[in-house]
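J.: Below you will find the structure I want to go over with you.
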Amino acid sequence: MGCGHKDDKASLASSQIASFSHQPHQPPAAPVSKEVWKKGGRMFSILLAVHLALLACTLVSSGAFDKIAVHDYDVFFLLTVMMLIVIIWIVFYLLGTSRRPDAILCKDSHAGPIWLRGGLILFAIFSLVMDVFKIGYYSSFYSCLSAIKIIYPTVQAIFVVVQTYFLWISAKDCVHVHLNVTRCGLMLTLTTNLAVWMSAVTDESVHKAHSKLKKNETEEIFKWLLKAGMRSSSPNECDCNSQICQVFKNGYFWLYPFNIEYSLFASAMVYVMWKNVGRFIDHRSHHIHRLKFRLFRRTFFVGIVLGLIILVSGLGVLILYEVQVNSITDPSKKSQALSMYYIFNIVCLGLMSLVCIGGSVVYRFDKRDMDRHKNPTKTLDVALLMGAALGQYAISYYSIVAIVASTPRDTISALNLTYALLMIAQHTFQNIFIIEGLHRQPPKEDHKHGSHQKDLYGLTFVNINAVSLRVPDSGSTLVPGTASGAEAIHPSDLVQSLTAPRKMNWRRRFLREVSMFLLLSNVILWIMPAFGARPQFDNNTELNFYGDSMWPAIVDICLPFGIFYRMHAVASLLEVYVMS
């Protein structure tokens with residue numbers, strides 16, 4: 001009995017060991033976060049950002065009014081202080097936080113893609129040129145200006161350089177030390193970028209107000225945007241009379257759109273970093289796809305050619321618009337330029353809408369799985385696309401109501417109505433197409449064939465019937481050179497593997513053509529309003545419903561969101577192109 005009992009225990013132990021040995025190797029689970037105040041830390045940083053944003057918004061908007069004793073140099077002083085604090089925190093992060101042991105345990109492969117960081121550097125270069133022009137412009141009459149007007153662009157140039165370097169090397173970081181300090185620093189950086197963006201938009205609107213008032217145009221909308229005058233009591237002392245001063249002045253106002261886009265791009269990247277603070281990434285579900293960007297491979301060049309035609313045509317229309325609408329006061333030439341502007345946009349938006357519908361239909365037949373993993377970057381992309389589109393939706397719907405109530409109803413009004421309707425449709429269809437593309441898994445045909453495909457490519461000229469004659473009784477065949485325990489291949493699978501490379505997935509090619517065409521089209525639709533080409537009514541049209549000043553005000557307020565939508569759509573479409 002004793003021996004039998006020992007044998008039973010031994011057999012039980014051996015069976016347990018055997019059962020454990022047959023279990024597959026489990027990858028190590030993600031470490032458990034040691035943070036116990038995550039929601040509280042996030043809430044504190046959000047409250048800090050909200051209060052700073054409200055303060056900055058109050059000062060920036062108050063500095064634009066003529067009858068409020070808040071001057072533009074008060075706004076510049078606040079922004080300068082905020083940028084200096086951000087610079088100090090970034091230096092602390094780079095030299096202190098990021099170098100601590102166990103500071104960055106993992107990185108978010110989806111955050112800060114190369115095309116987004118490349119666009120950030122491009123806009124940063126133009127922002128630096130703008131700051132140089134600002135310094136040169138304000139230095140031309142330093143004697144009658146506050147010193148803060150020269151200090152502000154200098155600090156802004158340093159801020160752009162430091163922040164761009166910080167985002168280039170740290171955009172993917174998931175920080176696990178100094179959590180609350182890092183969250184507050186990132187939120188301060190986000191608020192500073194938004195405040196600089198608001199200031200740039202206001203300055204650009206004020207510049208347009210001065211330009212239109214100099215032409216003696218009776219548009220009352222621009223009067224409420226006029227800033228308080230300069231510090232000197234005599235306005236003639238600060239006139240910009242020299243030619244080099246005029247070059248600096250016109251130059252930095254033309255570069256404002258790039259600075260506006262830089263601030264918004266940086267804000268989006270900083271927000272993703274804030275979401276990744278204290279985050280552990282489970283590598284079992286967070287797949288890292290190393291996608292290669294091949295622009296001229298596996299395409300028919302149709303999308304690129306059509307997109308380039310749209311881009312070049314749009315640049316020509318933009319030049320004519322600037323010359324005949326913003327520079328010449330002849331009503332007939334202005335009507336012709338407006339008609340050309342609307343016709344070009346109607347054709348472009350119509351083609352883009354049809355292409356987006358075609359791409360969305362192709363996605364319905366796409367066999368790739370949806371990417372349902374938690375991803376702050378894609379969540380932010382979708383939120384920005386939907387939120388920024390609201391600006392253009394507002395312009396379109398206000399335009400529709402204004403056109404219906406306007407008199408007389410001429411050709412320009414009819415073209416404007418068609419343009420507004422197509423703008424709504426194009427934004428809707430394009431958002432659907434981009435969101436579908438962003439949430440698709442990358443193509444798996446390179447992984448699907450795997451080791452079999454390398455051996456099967458050598459059988460291209462082998463008779464398929466001869467291969468099928470060597471099928472054993474089990475109904476499967478083994479590729480030569482594979483182990484006996486390897487996965488068996490059915491003859492039908494062999495035929496499909498041999499013929500798959502010849503059929504190079506037409507859906508992927510079509511989606512790439514669509515993405516490239518939409519990308520180039522969005523580029524020109526960003527350039528045109530950013531450099532002054534925007535919807536207008538004819539001078540003889542009377543806007544009975546809104547009055548002659550309210551509709552232009554709505555356009556000026558909402559247009560920056562439409563411009564940002566186009567640039568964000570370009571970045572998203574580039575990602576869709578690579579993922580196709």
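Cβ atoms are placed via backbone N, Cα and C, with glycine included.
Straight from TrEMBL, here's the annotation block:
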- 43-63: transmembrane segment (TRANSMEM)
- 75-95: transmembrane segment (TRANSMEM)
- 115-138: transmembrane segment (TRANSMEM)
- 150-169: transmembrane segment (TRANSMEM)
- 181-200: transmembrane segment (TRANSMEM)
- 253-274: transmembrane segment (TRANSMEM)
- 295-321: transmembrane segment (TRANSMEM)
- 341-363: transmembrane segment (TRANSMEM)
- 383-405: transmembrane segment (TRANSMEM)
- 417-438: transmembrane segment (TRANSMEM)
- 510-531: transmembrane segment (TRANSMEM)
- 551-578: transmembrane segment (TRANSMEM)
J.: Which residues of the same chain, at least 6 past either end of the transmembrane segment (75-95), have a Cβ under 8 Å from a Cβ in it?
T.: 52, 55-56, 59-60, 63, 148-149, 151-152, 155-156, 158-159, 162-163, 166, 169-170, 182, 185, 188-189, 191-192, 195-196, 199
J.: For the transmembrane segment (253-274) and the transmembrane segment (417-438), does the number of C-beta pairs under 8 Å, pairs 6 or more apart in sequence, reach 3 or more?
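T.: With fewer than 3 qualifying Cβ pairs, these stretches do not touch.
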J.: Using a Cβ distance cut-off of under 8 Å, indicate which of 115-138, 150-169, 383-405, 417-438, 510-531 has the most pairs with the transmembrane segment (181-200).
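T.: So the stretch in question is 150-169.
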J.: Establish whether the number of Cβ pairs under 8 Å between the transmembrane segment (341-363) and the transmembrane segment (417-438) reaches at least three, counting only pairs separated by 6 or more residues.
T.: yes
J.: Does the transmembrane segment (551-578) reach the transmembrane segment (115-138) with at least 3 CB pairs under 8 A, where each pair is 6 or more residues apart?
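T.: In contact, yes.
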